[in-house]
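Record features, source TrEMBL:
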type	residues	note
TRANSMEM	33-56	transmembrane segment
TRANSMEM	228-249	transmembrane segment
TRANSMEM	256-273	transmembrane segment
TRANSMEM	308-329	transmembrane segment
TRANSMEM	350-373	transmembrane segment
TRANSMEM	455-475	transmembrane segment
TRANSMEM	496-518	transmembrane segment
TRANSMEM	558-581	transmembrane segment
TRANSMEM	593-617	transmembrane segment
TRANSMEM	637-670	transmembrane segment
Amino acid sequence: MGGKQDEDEAYGKPAKYDPSFRGPIKNRGCTDVICCVIFLLFILGYIVVGIVAWVYGDPRQVLYPRNSTGAYCGMGENKDKPYVLYFNVFSCIVASNIITVAQNGLQCPTPQVCVSSCPKDPWAVQSSEFSLTVGEVFYKENRNFCLPGVPWNMTVRQSLQQEFCPSFLLPSTPALGRCFPLSNTNFTLPEFPWISNTTIAQGISGILDSLNARDITVKIFEDFAQSWYWILVALGVALVLSLLFILLLRLVAGPLVLVLILGVLGVLAYGIYHCWEEYRVLRDKGASISQLGFTTNLSAYQSVQETWLAAVIVLAVLEGILLLLLIFLRQRIRIAIALLKEASKAVGQMMSTMFYPLVTFVLLVICIAYWAMTALYLATSGQPQYIYWVSNVSAPGCENVPVNTSCDPLDQSMNYSCPGLMCTFQGYSSTGLVQRSLFNLQIYGVLGLFWTLNWVLALGQCVLAGAFASFYWAFHKPRDIPTFPLSSAFIRTLRYHTGSLAFGALILTIVQIARIILEYIDHKLRGAQNPMARCIMCCFKCCLWCLEKFIKFLNRNAYIMIAIYGKNFCVSAKNAFMLLMRNIVRVVVLDKVTDLLLFFGKLLVVGGVGVLSFFFFSGRIQGLGKDFESPHLNYYWLPIMTSILGAYVIASGFFSVFGMCVDTLFLCFLEDLERNDGSLDRPYYMSKDLLKILGKKNQAPPGDRKRKK
């Protein structure tokens, strides 16, 4: 007795009876005010960062193409010219790799001009046209692809040498606002001494391989356009299946858990049988590890008897441990099943809680969208910088050209006779105050992203905990349940506990950012690390992963205690941890039974929707009539994968609510056991099924008589 009492004292004293306690406390005060002020100031600073980014940033630099003068195509004076044409598109590949080109806004070291439409037919300047004027060769033939301001009477030879006009045109199609040659172009360019030529086939192939085939993108959009309403139907089926699964748990939770446990035992038993058969066959053949020796080829160990004998021993031990747990923990498994049934009833009484994940989803989208737009504006906050560039600095007339020095693309009076000299885009300036602080502002934005995301998730957990706790602590169900439990919990949480949620979210954010930094360091040093350093790095990553999981678990239960008692984060986390440690066996059993059941539910929903989508979109379901025929698709797996992913998201949202309900009712159940004794003055709030399993009874059973005031 003394040892048991000392053990209980080590994890705090059990909760004492409080005659004024009637569930989630309504008369409460603000908690963690300092953290609330810090969080609000941080959000204010986050807004200021967004305003600064909006003032100094210009996302048009990424969204819209630009010509050689730096003007945007499709805007302003080029409003009717939304596409950019590269004079020598192959220089995009010859001069640099495609990743560098993409990072510079798809700018290439070749003149670019805004055009109203891309060329339709192949064309090249002939040698007989060199002496003609630009007006005769280009303007009269409706080839309006020269740089703005090129005079009508300039000779073609001079315009080509100075790269004022293109020497050839290829049939092109617009992609990302740029004119890219068609892949089936079969056209040979004439040779010009001032053009770094390459074969058309090689150039086009490189472009399409680097930027991906546009046809695939078009086909994907066509498939979504043809099947979007059937995808919505599949998502509706997933929603209905998830809801039915949760609501029917009050009827089938016991048999379903039993079937799942027997299924796990059956799988282990079959594994033991299979491994034993493999061991027996190899034993008869005399295949031993002594004959194989040590090898790095792990698959070779499948052909020796010792491998399968070890597998038999491991699986047999697991089978034995699971059977012993079922025998000695059967009472706690029954309690877990009863709590699952009670959670199903709670969800049925408060159906609005099932759709609260939509609120969380909207808030998460707002946080991510704000961060993405702020990061985009910050990344484009500098002014574009241009430098002189020429493909061949040793060409006649190019000896004195100041290559790589700054220039003005709007200044057409370049006093150099160097052929092919251009003023090309280099990057964005980093001389301003905002630009010098760009890295720090981006770090601030990342911290804001993680903190706000974790705060939104914490808000959802605390609100749901408050709603479900009001269900458990209602003495006469459903009469004593508040009229609007979810909205009341939402207002109460925002009004009093914003600081506590921010405190817990900040702790989790610090650990997550530490993991990201560690992953970044590991990625940068991966090639230079020795085995010992890699082992140490792996240990650090594993420790941070475990720490993150523990903090998420602790925060979740702390938010439940905050929702019920209205105390600050540290006190709530301590009380929740002590309460769970005093009932650690029940915690483990309930957690594993719930995980097993929810995993089966997700498997049922996602698998059912996936199978149904496969048979429908692949055309294997016949005789449904013309209105229910499967659409003709280029890639029928695309709507299938979209339906499966959507079904998983929906099932995860519904089951996260159910999991929060189970955890909340479980903590309330443990508090109920410590606070009350079933007497007339201190009756239990738990259901009759739980009372029966525990062998307890109320002198005033819930629903039979009013509790004595």
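Start at 1 and count along the chain as shown; that gives each residue its number.
Every residue gets a Cβ built from N, Cα and C, even glycine.
Heads up, TrEMBL stuff is auto-annotated, nobody curated it.
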Feature contact check the transmembrane segment (256-273) with the transmembrane segment (593-617), CB under 8 Å, 3 or more pairs: yes
Intrachain neighbours beyond the transmembrane segment (350-373), with Cβ under 8 angstroms and 6 or more residues off its ends: 50, 53, 59, 243, 246, 445-446, 448-449, 452-453, 456-457, 459-460, 463-464, 467-468, 471, 481, 485-486, 653-654, 656-657, 661
For the transmembrane segment (33-56): best-contacting stretch of 228-249, 256-273, 455-475, 496-518, 558-581, by Cβ pairs under 8 Å: 496-518
Stretch of maximal Cβ-Cβ contact with the transmembrane segment (228-249) [cut-off: under 8 Å; candidates 496-518, 558-581, 637-670]: 637-670
Cβ contacts under 8 Å made by the transmembrane segment (256-273) with residues that lie 6+ beyond its boundaries: 249, 311-312, 315-316, 318-319, 322-323, 326, 333, 336-337, 340, 593, 596-597, 600
Within-chain partners of the transmembrane segment (455-475) [C-beta distance under 8 Å, separation at least 6 from its ends]: 21-24, 39, 342-343, 346, 349-350, 353, 356-357, 359-360, 363-364, 367, 481-482, 485-486, 488-490, 492-494, 497, 501-502, 504-505, 555-556, 559-560, 562-564, 657, 660-661, 663-665, 668-669, 672, 683, 685-686, 702, 707
Beyond the flanks of the transmembrane segment (637-670) by 6 or more, those residues with Cβ under 8 Å of it: 220, 223-224, 227, 230-231, 234-235, 237-239, 241-243, 246, 339-340, 342-344, 346-347, 353-354, 356-358, 361, 461, 464-465, 468-469, 471-473, 556-557, 560-561, 563-564, 576, 579-580, 582-583, 586-587, 590, 594, 598, 601-602, 605-606, 609-610, 613-614, 617-618, 685-686, 690
